Amino acid sequence: MQAKKRYFILLSAGSCLALLFYFGGVQFRASRSHSRREEHSGRNGLHQPSPDHFWPRFPDALRPFFPWDQLENEDSSVHISPRQKRDANSSIYKGKKCRMESCFDFTLCKKNGFKVYVYPQQKGEKIAESYQNILAAIEGSRFYTSDPSQACLFVLSLDTLDRDQLSPQYVHNLRSKVQSLHLWNNGRNHLIFNLYSGTWPDYTEDVGFDIGQAMLAKASISTENFRPNFDVSIPLFSKDHPRTGGERGFLKFNTIPPLRKYMLVFKGKRYLTGIGSDTRNALYHVHNGEDVLLLTTCKHGKDWQKHKDSRCDRDNTEYEKYDYREMLHNATFCLVPRGRRLGSFRFLEALQAACVPVMLSNGWELPFSEVINWNQAAVIGDERLLLQIPSTIRSIHQDKILALRQQTQFLWEAYFSSVEKIVLTTLEIIQDRIFKHISRNSLIWNKHPGGLFVLPQYSSYLGDFPYYYANLGLKPPSKFTAVIHAVTPLVSQSQPVLKLLVAAAKSQYCAQIIVLWNCDKPLPAKHRWPATAVPVIVIEGESKVMSSRFLPYDNIITDAVLSLDEDTVLSTTEVDFAFTVWQSFPERIVGYPARSHFWDNSKERWGYTSKWTNDYSMVLTGAAIYHKYYHYLYSHYLPASLKNMVDQLANCEDILMNFLVSAVTKLPPIKVTQKKQYKETMMGQTSRASRWADPDHFAQRQSCMNTFASWFGYMPLIHSQMRLDPVLFKDQVSILRKKYRDIERL
């Protein structure tokens, strides 16, 4: 029986092969004879009908998106062949094969680290406001150097942002101006910023001069012309984009379910002719007037009526019915189709509004795609599959929509809300390429707080930062180092600093105590310090300035730091409770003395208050616990100008630390217990600690608030009404049931 089956299968296979060979041979002979007939007719001047002539011609089953014959008649020069397009693109960059290994000199960076030099501005050269903001962001960063011999990267002062020849911002004769720069060196180790390139009708990515071996930080760059790990794709931003700070995202709270009034929206220009018109002319097929609103208008450009079609009047009327901002804030998804160029202002607008972008721009290298995983924040569509977009986004689960929306807010606030953040992200990406052994990984770039606040020079291990304990499955540190800032001489054994030292040393969580001696008097003898169960290390400050208390000392062996002023009054129980609270919030400042900020309408400036109200926004570092990483961030991230101000005033260092931590975490600090008085009131009036009684001290702190807010570009401090007390605090139960029973008596 089995043999019969095998024979039958073999016979069937043989028959199929024979039929295939027969029909294939017939077609092959037919094609050869047809080619011979064509050759013969060509020699005799005769015309033979092609085989296609015998096939029936069916009418178009689908209506085209646009009357192509009309479009061709209006401007046939717009349509160029693929070969012409390839030739145009290939001539854009002569250094198209450039990579970091072949077109970048790493030796310049190994000498002095990653330093950026900006060419001095030339007389008579006009610079647009957007490019001035870019240069100001570089010059205000920690990477800037005014000495070209120390530079690793060079940035032109010549405005290269707008290279559209029809633009009033276009800089003429840029080729000769760049070549005349004595440090140009064929563009090696140079970075060129560009937002607009090419012009009507094809809008190629030609910047109008030979960039040589320079890197491009470019908007609307195509994947075809993008040089991986060499160029940087940046977003297209308007001239009104804030230089620093920027507005926060518009998502104030999460709605469950995360669906809004409209499923998908878009409102913009409809290009009747030319590049970018194909997709926008087809949007009306998807628009349903209910939860999918894709509105376009023909009213743009000087001669729009010349190209007006039969649908323009209806589109223009529908376009005027809806307010764009209202649509943006009430939509779940926002369509981001390409314009004349690949990039669009709609991209950043959607991110800020927490409207999940639906990208419809084939071939666009998305901004910072080298480090950002856009699949976590956007839907990547295909222009050729426009009609499938509604069904695709409707199939996305609500949990996924919520995650996408939250990620848009993180990315907006971390990398896109200001020109400064866009520039610094560009520089950090280049720095990671140069120093690959300490570069940031994808988790750092795509998780809070982002790559700008996580400095890999501090550590290459994520567990050394306070933000990734949950991701790594780690527990917060179990010990702390107490750092006591001493500014008065040790003259009595009853001084508050000695009582404080003993109280901190008795804590079960204390690993060691460091006394930072910032006093003008010599160090006291070792026998003057009380005996403790933990090591006591006395460090004499070299410069003896206020900022020295936040230096990243190697002697600090724990991740947790208990920062104390010498006149602070705390018990061991209070220290223990504050530390256990901090273990639940390791990225925040946790402590006792709370202060607040407010906006003074009469003076139009920020104010500082120590009054006890129902909320607070700062916890002073005279009695607070925080992560050691903030010492490194304070010393290496903040500009020298702010730290010099603190040192000159001998004031405001605690406010500056609160500004920094709130800017990183986007969260307020945490106050513990209801304790109000944390200072020793009997300190001598000749002591430097008596600065709190100085009438100028409070006025200085008011001034500091506004200076710090100006540098950050916004007010990072956040008000909170939360206070954490021990369980059963002041409850009418037995005192034996309470762990921190002593706190109620303090």
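Cβ atoms here come from the backbone N, Cα and C positions, even for glycine.
The disulfide bond feature in Swiss-Prot is assigned to Cys98-Cys103 (among others); the stated evidence is similarity to another entry. DSSP classifies Cys103 (disulfide bond) as helix under the three-state reduction.
Note on Cys152 (disulfide bond): other Cβ atoms within 10 Å of its Cβ, all shown chains, come to 24. Under the DSSP three-state reduction, Cys152 (disulfide bond) is assigned to coil, being neither helix nor strand. Sequence annotations record features per position, and here Swiss-Prot assigns disulfide bond to Cys109-Cys152 (among others).
Under the DSSP three-state reduction, Cys298 (disulfide bond) is assigned to coil, being neither helix nor strand. Feature annotation from Swiss-Prot assigns disulfide bond to Cys298-Cys312 (among others); the stated evidence is similarity to another entry.
Around Cys334 (disulfide bond), the same-chain residues at least 6 positions away in sequence with a Cβ under 8 Å from its Cβ are Leu264, Val265, Phe266, Leu328, Arg346, Glu349, Ala350, Ala353, Cys355, Val356, Pro357, Val358. Feature annotation from Swiss-Prot assigns disulfide bond to Cys334-Cys355 (among others); the stated evidence is similarity to another entry.
The DSSP secondary structure for Cys652 (disulfide bond) is coil. Positions annotated as disulfide bond by Swiss-Prot: Cys652-Cys704 (among others).
Here Swiss-Prot flags Asn89 (among others) as N-linked glycosylation site, drawing on sequence analysis.
The N-linked glycosylation site annotation in Swiss-Prot covers Asn330 (among others). Under 8 Å, Cβ to Cβ, and six or more positions away along its own chain, Asn330 (N-linked glycosylation site) finds Arg260, Lys261, Tyr262.
Sequence annotations record features per position, and here Swiss-Prot assigns topological domain 'Cytoplasmic' to 1-7.
The topological domain 'Lumenal' annotation in Swiss-Prot covers 29-746.
Residues or ranges marked as transmembrane segment by Swiss-Prot on the basis of sequence analysis: 8-28.
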Review point. Counting only residues 6+ apart in the same chain, whose Cβ is under 8 Å from the Cβ of Cys103 (disulfide bond)?
Key: Gly95, Gly187, Arg188, Gln213, Phe230
Exercise for review: Measuring Cα to Cα, tell me the gap between Cys312 (disulfide bond) and Cys98 (disulfide bond) in whole angstrom.
Suggested key: 46
Revision key, fill the gap. Across the disulfide-bonded residues (Cys355, Cys704), the Cβ with the fewest other Cβ atoms inside 10 Å is that of Cys704
Practice item. Using C-alpha atoms only, work out the spacing between Cys98 (disulfide bond) and Cys152 (disulfide bond) and round it to an integer in Å. Key: 18
